[in-house]
Amino acid sequence: MTLVAGIDSSTQSCKVVVRDADTGALVRQGRASHPDGTSCPPEAWWQALQTAITAAGGLDDVAAISVGGQQHGMVCLDASGAVVRDALLWNDTRSAQAATDLVAELGGPRAWADAVGSVPVASFTVTKLRWLAQHEPDNAARTEAVCLPHDWLTWRLGGTGDLSALATDRSDASGTGYWSPTTGEYRRDLLKLAFGRDALVLPTVLGPDGSPGRTPGGALLGPGAGDNAAAALGVGARPGDVVVSIGTSGTVFSVATTPAADDTGTVAGFADATGHYLPLVCTLNAARVLDAAATMLGVDHAELSRLALSAPAGSDGLVLVPYLEGERTPNKPDATGSLHGLTLGTSTAAHLARAAVEGMLCALADGLDALRGQGATVSRVVLVGGGARAEAVRRIAPSVFGCPVVVPPPGEYVADGAARQAAWVATGTAPAWTLDGLETFEADAVPAVRARYAEARELTLPRV
Ligand SMILES: Nc1ncnc2c1ncn2[C@@H]1O[C@H](COP(=O)(O)OP(=O)(O)O)[C@@H](O)[C@H]1O
Ligand SMILES: O=C(CO)[C@@H](O)[C@H](O)COP(=O)(O)O
């Protein structure tokens, strides 16, 4: 049996799956936590990966390894390959002003959408580089190479220590803001606009089955992918499928055959991990909204779901606007969350639980509309990520989204997508693994829930 490994180095944790390259059967798995926060020493990802690999029984017997990872994070390396500073992550909003400035300096949102398929907000690597140049000039001066979290982990697995060995893939390159999914080329002019110089080592952008080399133990390395593109691969998303991922981020995306270029900035025009495109909407607030609601109520996730499902649809008018970490879509980096419609009648644990689930889902439903506005057809929604394990999310989502929701069995679909890629690289053929055990949830649409949310979502206070 040929074994392959897939890794998901996401915001909150690292997961490793080992699968049979022929059948896709799960053989072993492991996980480890990442530190909390919006910046992180990359070494912490490496340590978590080692722990997860050990928990998965080691990788000495695998033929190929691919890494999926949280998108956009800025990893700066000096000439010796050492990390210059903690990586700024996708959910770090300190570069919000840099994003505003860069959009204006290039001539506005249309110019960015045309150049790289996306209008940068604070999440994008290009804005973090501008922030670094302005706020930490010494660190900027020491920076010789810039890469993304998955690129860095793949490079560490390769073990050469040589900056010229850095590699990435189309999906993650498309989240930098200085690589064009349409031309497949870096835009070093945009790097220079942001950072003041363009003589930086950037990872080589590999195709879907390209390999940057082998580990010292001999396993073939795959190009890896951004975590959303890896999830699309993991669930075998086909045209007409929209994937909604409820992890630390909330994402709504589909596989497309043409690149997107939305100058409203709502839909990011990413590339996918199969040679196509991945138009995507991302919110900063998803599973952690449920975590926060459970903490506020002093209950676990199972009880939060039970409470939410015991309240009526629309929570009798109680609306939770979920901007707990600021927000990216809509672009409100300094916003805070809010609760509207409190009465004596809605001041119950059940109403709050339901409002938290509905508020989080309404923000994602806005993303679904935006994707439709870019031409996506939505025949079904495939729900993944940690938050998809919540019974209330599964049952309420179809009424908020207005379409059936399909939920695969609880699993690690980013790591699975990376494992599929590893099998592709090892065998030269994209694997035809099947995904069994899908459960379909259907419910009548309740448009009043979204209408009430739309009234409330502008009514927020800025962060103090
Ligand atoms: N049964 C559940 N109900 C609600 N949320 C859950 C449940 N299980 C896990 N989560 C939440 O899902 C999140 C982790 O999901 P995951 O997709 O792994 O995130 P990420 O990929 O961003 O690290 C955590 O915030 C966790 O609390
Ligand atoms: O920034 C984005 C997508 O553009 C996020 O989706 C990150 O890629 C983090 O993903 P999770 O850790 O939430 O899966």
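Backbone N, Cα and C define each Cβ position, glycine as well.
Noted in TrEMBL for the protein shown:
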ACT_SITE  ASP227  active site, proton acceptor
BINDING   GLN71, HIS72  substrate binding site
DOMAIN    243-424  domain 'Carbohydrate kinase FGGY C-terminal'
SITE      ASP8  site 'Important for activity'
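Positions of the features from TrEMBL, shown on the structure.
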residue: ASP8; record: site 'Important for activity'; DSSP (3 states): strand
residue: GLN71; record: substrate binding site; DSSP (3 states): coil
residue: ASP227; record: active site, proton acceptor; DSSP (3 states): helix
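For ASP8 (site 'Important for activity'), the nearest of the recorded positions GLN71, HIS72, ASP227 in terms of C-alpha separation is ASP227.
Residue with the densest Cβ environment among the recorded positions ASP8, ASP227: ASP227, by other Cβ atoms within 10 Å. Contact annotation for recorded positions (ASP8, GLN71, HIS72) versus ligand 2: GLN71, HIS72, each with CB under 6 Å from a ligand atom. Recorded residues HIS72 (substrate binding site) and ASP227 (active site, proton acceptor) have their alpha carbons 10 Å apart, per Cα-Cα distance. Neighbour list (GLN71 (substrate binding site), Cβ cut-off 8 Å, at least 6 residues apart, same chain): TRP90, SER123, LEU148, ASP172, GLY175, GLY226, ASP227, ASN228. The average per-residue pLDDT of the prediction over the domain 'Carbohydrate kinase FGGY C-terminal' (243-424) is 97, rounded to a whole number.
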